[in-house]
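Okay, structure first, notes after.
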Ligand SMILES: Nc1ncnc2c1ncn2[C@@H]1O[C@H](COP(=O)(O)O)[C@@H](O)[C@H]1O
Ligand SMILES: Nc1ncnc2c1ncn2[C@@H]1O[C@H](COP(=O)(O)O)[C@@H](O)[C@H]1O
Ligand SMILES: Nc1ncnc2c1ncn2[C@@H]1O[C@H](COP(=O)(O)O)[C@@H](O)[C@H]1O
Ligand code: NA
Ligand code: NA
Ligand code: NA
């Protein structure tokens, strides 16, 4: 049962400590360390998997996933801009966050499924990498249109060379080149410790989530509703796509979760540079204060239950 | 033989490096990381153990241990105030430190006994948590009496929500809820690495101990004597209590060590807020500069030897 | 094949990220942590090995290695001072760097050989410790001559008590005293995680190497050539010495690599204090920007290939 | 470029008072503050450690002179006796003066 | 001891602008800068986090008055509206004045 | 609130000189100091690294003018030529003037 999965309990501990205004914090250097190890580990796992099979058959799946990454922000934007009356820049920036993915959420769903003994396509990290970027581009275009003003070169660097993407993609390439045997000697750090390090990460995420509540209150109800409602819609889209692509039940749960997750690493940094007039606390409050907790506490088990209905036997 | 236990050798290395005025230091972010992992690991271990057995039978033991936590500072205070001529606030603050426990010392005695192949009640971390707080309350009352001036609410937060207590108690709860199987996936970080991380912790503790010597010299002989004499008395009390409570020989050694140890995490922070007029360098110099080294180098093997006399067969 | 060794791939990733001007960096506290664990781990491994055999037979080897540590800077100095027209202080400082050793390079050659299934004398870390210091003394004498002005006492502290030497030598002593069984409980951190932590270290080293390129350009071609040419000569000397001393093929590769490596931990700090007029960016640019990358990407496999010719059967 | 004068109040003190100190600052009218981790030495000895045991923090507040003096005397009255702390005041020029309180000094 | 007057420009701002900010400083004539990590609170709320998400940095430039004013107005025009940032200027005495630009103010 | 004037001496230099620098300060009469980790850029290039390799530190001393000038000239004479270092002086107001040395300037 997810709620009992200890890594999730660490998140709950963080939330509780935060609500009780404990002085607990992960030193920022430690938080960076933990995040870097998670990103590299997820990349390595995916890369090793890629090295096990021909790439060609995956290309159609990859394209479909990228298409989803382009579609989601286009769905989110009008809701935020028209229904939510958010300024164009804010709506575009939030849309980019929700079109992209949260690596932390991926780590939790992977841990959840393995704890449940549900198999999934181990190359999923490839999708994580692919989903990071497209939504950012869409978000920038939504905010600024096709005008010449873009310094796309510099933006490209911001987007593709942010540490998040570099570590994830770098890990993927290393895993791909080195293969299972090559990676084995570094497995003790990146694989055996994965869940323990994820636990520390979630402890801090719980504290961060609470620290967002203040901003969230200021953002008002609409954004709070969006931060739960949109992930549900996105999960439906992601799940359907997974089903159409013929992914395993587990893989379908993962893709639904990825679609439902909102980025808080690659996108904020890129948006800050590309669309500075957007208020970053809106998107962070929604992504970290609502969507992340919702997904790991309720969303993932929910998406899993839904997929179980699709595949009575299996999952 | 304790002196050869490598984790203790790391402490010796730290002391040697400190005495030779090496520039060696654990970056403070790393020191916090190491401390957090130790606290969580100890809590988790104890919680897992609790999940294995009914709580009820332990309640009497717990109450007795809390009573000891209330008694010890009441014994220490008059010695410090009257015999030692220390100001009321200082005497009360030091008494609180010695009535509470040192998690680092617990980690060493646990490592020592497992290295010696001596079993002990694995739920001992519960006692560590229980012993953290009572002495603090007694210390505050000794320093300030029952006057209304206390902002107990705020103090309570300082006491119970300091990161030390939160991590220890939080780990305990998580271990309790998740149980042995639930915790297994995070065991590689929290259990397999425990002794290695303890070694790094002790390296820094050795450096810290040396850095206290300057203050210690200023404190004079009396405090130095107290920092060795009182732990011996407390160990006698703790050991006797363990024997009365029918703990295993190993458990008796642990309880004696806990009684003999002096806190340097929860108590200093709380006392700083509750009894600011107390000079913190007195209690830290005694606890870190004398009592901690004494316990891990001499005290623990000594308490063990004493218990061996009590239980010729066993231990 | 070395280039495929994943730890080396992490170095390549760091270089790539640096060249593309990514904002990736290891927080300095994490970099220190990683370095400390590597130094302790290498020391521990060597110490455990020492505890397995009598010391006496090694003494001649040790003396020969120290002699090499005194010889190498004496060879490097005239090249730098006369051929390279470098100021006396700069030539002496760089000579000291190249006479000493790089612990990171040792870690890579050790990982490389174990990946290749080539055995070597496990007590090699003793040579690493022994090679740290002599070149520093020679460098100081080359820069300042035998005048009285030396505060050798203080210098001695700078040299022998820098954290690098303390951790390496301290780990060695602990391993020696504790022996294989004693060290086993801390093996999960210091041995099992070794390669994963080395990977993180190399990631940062790649970023650092790139950050040196600017300085390097300023230093001009000669220094760049020296930073590759001298290691080749030194490797020849070290390899020959290993062969004369009757080391195993693997041990010969290690000694060649040690000779070819340039220090960037112990020496820079000591030289900064002893020969402040030497420009530190020259030696760091050469050691970190050229020699380190050269050795781990090209040098090590090259020295290995050369030794294979010497020992057709074996290696 | 139009600038106005405001007061920069710098406090160096033991980290353990952080939360309490910040609460007081804001109560006394500071509209913002900046904190950096620090270590150091003074009348109460060397302060240099992790786990907050004896770390310092360096806190800066830019505000009008009146607020600066109010904060300074509050700290002197409520912190100086028991906590490791120093403070000093300096005049600085700022661009958006409103942001830092109207200068009523 | 001969000293000359120069201007110390201190900027506290969100870490995300670091690289861009430094490029601008150097273009505007700063010959050096010093950065420390910081956290804090201001009009845009609390800023205190790792992974750059909402960390602050505190940047100092010692330069001549003209350069300081050029930088200050550039920041006001290009950063104030969208980024968490404050800056203040103060007079300081330096020893090797050349190092910090000839004072043309 | 009664304040007195003292001098704030700020030094930014390479971390490698820390212990030596502190010893000199105290010998020259500083009664305390505050240090923060820093990185930066100057005449000797970019300084930004871990393991002390090329980190900077930012050191502040509040003292009387005479002591400040004594320290400043000592640093100029013994450090400037070979170490990455800058320093600047500013006047500040303090509350407990004795703490920082009697102003003999
Ligand atoms: N004269 C001084 N100059 C600069 N910083 C100081 C000075 N005196 C004290 N400090 C700082 O203020 C902290 C507390 O001072 P104290 O209460 O005197 O121990 C010290 O740890 C230093 O960081
Ligand atoms: N009055 C103030 N005094 C000192 N620092 C401030 C002040 N106001 C803002 N800051 C710092 O400047 C940063 C950005 O300010 P703001 O744009 O107002 O949020 C804050 O996070 C603080 O670190
Ligand atoms: N103009 C400046 N403004 C602020 N900090 C500076 C300046 N010049 C140098 N620094 C700092 O002082 C350190 C040493 O300076 P330098 O000796 O010129 O390399 C640099 O790494 C910077 O941190
Ligand atoms: Na998404
Ligand atoms: Na005790
Ligand atoms: Na060498």
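Any Cβ shown, glycine's included, is placed from N, Cα and C.
On a predicted model such as this, the values are computed, not experimentally measured, just so you know.
Under the heading transmembrane segment, TrEMBL lists C:6-22 (among others). Below 8 angstroms of C-beta separation, residues 108, 111-112, 195, 198-200, 202-211, 293, 296-297 of the same chain, each at least six residues beyond the ends of the transmembrane segment (C:6-22), sit close to that stretch.
What TrEMBL records for C:29-46 (among others) is transmembrane segment.
Residues or ranges marked as transmembrane segment in TrEMBL: C:58-80 (among others).
Counting only same-chain residues 6+ beyond the ends of the transmembrane segment (C:92-114), those with a CB under 8 A from a CB of the stretch are 2, 5, 7-8, 38-39, 42, 69-74, 76-77, 80-81, 86, 120, 124-125, 128, 131-136, 138-140, 142-143, 164, 168, 194-195, 198, 201-202, 205, 223, 226, 230-231, 234, 250, 253-254, 257-258, 260-268, 270-271, 275, 278-280, 282-283, 286-287, 291-292, 295-296, 300-301, 304. Marked as transmembrane segment by TrEMBL: C:92-114 (among others).
The transmembrane segment annotation in TrEMBL covers C:126-147 (among others). If you look at the transmembrane segment (C:126-147), the same-chain residues 6 or more away from its ends with a CB under 8 A from one of its CBs are 42-43, 46, 50, 58, 61-62, 65-66, 68-70, 72-74, 77, 88-89, 91-93, 95-101, 103, 106, 155, 159-160, 164-165, 168-169, 172, 254-255, 258, 263, 266-267, 270-271, 274-275, 278.
Annotation source TrEMBL lists transmembrane segment at C:159-180 (among others).
The annotation transmembrane segment is assigned in TrEMBL to C:186-209 (among others). Here the transmembrane segment (C:186-209) has long-range neighbours at 6-8, 10-18, 24-26, 30-31, 34-35, 37-38, 40-41, 44-45, 104, 107-108, 111, 288-289, 292-293, 296, meaning same-chain residues at least 6 beyond its ends whose C-beta is under 8 angstroms from one of its own.
Beyond its flanks by at least six residues, the transmembrane segment (C:221-245) meets 60-61, 64-65, 68, 71-72, 75-76, 79-80, 83-86, 94, 98, 251-262, 282, 285-287, 289-291, 294-295, 299, 302-303, 306-307, 310 of its own chain at Cβ-Cβ distances under 8 Å. Taken from TrEMBL, the feature transmembrane segment applies to C:221-245 (among others).
The annotation transmembrane segment is assigned in TrEMBL to C:251-270 (among others).
Among the features that TrEMBL reports, transmembrane segment is placed at C:282-303 (among others).
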Same-chain residues near the transmembrane segment (C:58-80), Cβ under 8 Å, at least 6 residues beyond its ends: 50, 86, 90-92, 94-96, 98-100, 123, 126-127, 130-131, 133-135, 137-139, 142, 226, 230, 233-234, 237-238, 241, 244-245, 247, 255, 259
